[in-house]
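The block underneath contains the structure these notes are about, expressed in structure tokens.
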């Protein structure tokens, strides 16, 4: 009999750092999948609610996982930690003529950065939330890759993931794509800190309550649609109040009233 790891459960008084350690222990106990067979099919384009259903299935099956599955599982197990910000971090490295890709779940608690995940290498997965800046966290991963004889080529950073397990939004996996071959060390650091500021601003603005997918599609006529913005989820959230400005247009009244009834 192979023991099945128990999904961590927390008391309300349990500090966030201790919860993160417990989540990482659970991910580690599932073990890394060395079989060459992907046990769970993960499509990044799926809405968050679908990915959370898949994560729940992972906890039931308790099969070995790889890095992307660990990220989805990390989001699922930290959804109730509303003071914790979660965002994906992807790495592309070069070693011995080949390119390799890896992903972890970046976390930010109390202004300190860390990471959850799984890897063949111990130093390329869990990072306690002790790093004062995002750049310090990424540079630590870069040093770890260097010790494995890998050269870091690209870093892709996503935006913060919603804590609502029923959200129909998609995870923004690569809001910032940083090519180290085209950036100086200082420029690389500045871009990382710019992304950290973008995440803080987005959290400060808030996204409001998510509306059903069908209702979102009917809102494409918002006058803000023409404004170019990389924050897709934020722009959708910003479009919703635009309906309040339409009473002057008599033609829009029926649709507006119907929208209010659905909400």
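Using the three backbone atoms N, Cα and C, a Cβ is placed for every residue, glycine included.
Remember, predicted model here, so these are calculated numbers, not experimental data.
According to TrEMBL, the feature active site maps to 67, 102, 119. Taken from TrEMBL, the feature region 'Disordered' covers 199-263. The compositional bias 'Basic and acidic residues' annotation in TrEMBL covers 235-249.
Listed in sequence order, the residues of the same chain lying 6 or more apart from residue 67 (active site) and placing their CB within less than 8 Å of its CB are 102, 103, 104, 117, 118, 119. Fewest other C-beta atoms within 10 angstroms, among the active-site residues 102, 119, are seen around 119.
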